[in-house]
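Listed in TrEMBL for this protein:
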{"type": "TRANSMEM", "residues": "12-35", "note": "transmembrane segment"}
{"type": "TRANSMEM", "residues": "55-78", "note": "transmembrane segment"}
{"type": "TRANSMEM", "residues": "106-123", "note": "transmembrane segment"}
{"type": "TRANSMEM", "residues": "143-160", "note": "transmembrane segment"}
Amino acid sequence: MKTILKFLNAFIKTLIIILIVEVFGKMYSIILFLVDKPTTFEVHGIDFPTEWSNLNRTIFIISGSILTIFLVYLAFIFRKVITSFSRNNYFSSENVKQLTKVGKGLIFYGIGLFLLSNTKNLYLNELTSYNLGYAFGQSVHKTVPIFICSSFILLIASIIKKGNILQEENELTI
């Protein structure tokens, strides 16, 4: 169990570093965009049309950056839970609070990513019924795994909560 927790802790640390680098990359693209006013615009590997207004471009970059910063925050909270688990502190109310916060935060992140992805897909494609269905499908495709992970984290939080109650009853019995 300890080796799995050490591996998971290293994975979370790597994820945090990657996300922080991505945030700095997005901030650099905001500064570059504001200074140079380029005619082409690329975010997340997507070339946006030049007829997009500066406000649309800026809103898209900033909202993506906010979602990434929020994901870094959730990763830090999850890292605290993993650290608590590695100290054999499984059934604590603090772990329940933090896992619930991560689960609900991932739901919020998934909704934000769905809205951002759907908006981007609708802006880039002309509005036909096929493109609308395709854009919606692409957005759902990106966010369903996030919702599944968040529901598992919330399930684990409820199991830990029940375990905490049983542990407290057991301590009172003894």
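Even glycines carry a Cβ here, placed using N, Cα and C.
Here the transmembrane segment (106-123) has long-range neighbours at 46, 52, 56, 60, 63-64, 66-67, 70-71, 74, 131-132, 134-136, 138-140, 142-143, 146-147, 149-150, 153, meaning same-chain residues at least 6 beyond its ends whose C-beta is under 8 angstroms from one of its own. The list of residues near the transmembrane segment (55-78) in space but at least 6 beyond its ends in sequence, with Cβ under 8 angstroms from a Cβ of it, reads 12, 15-16, 19-20, 22-23, 26-27, 29-30, 33-34, 41, 43-44, 48, 98-99, 101-102, 105-106, 108-109, 112-113, 116, 119-120, 123.
Long-range neighbours of the transmembrane segment (12-35) within the same chain, counting only residues 6 or more positions beyond its ends whose Cβ lies under 8 Å from a Cβ of the stretch, are 41, 43, 57-58, 61-62, 64-65, 68-69, 71-72, 75-76, 78-79, 82.
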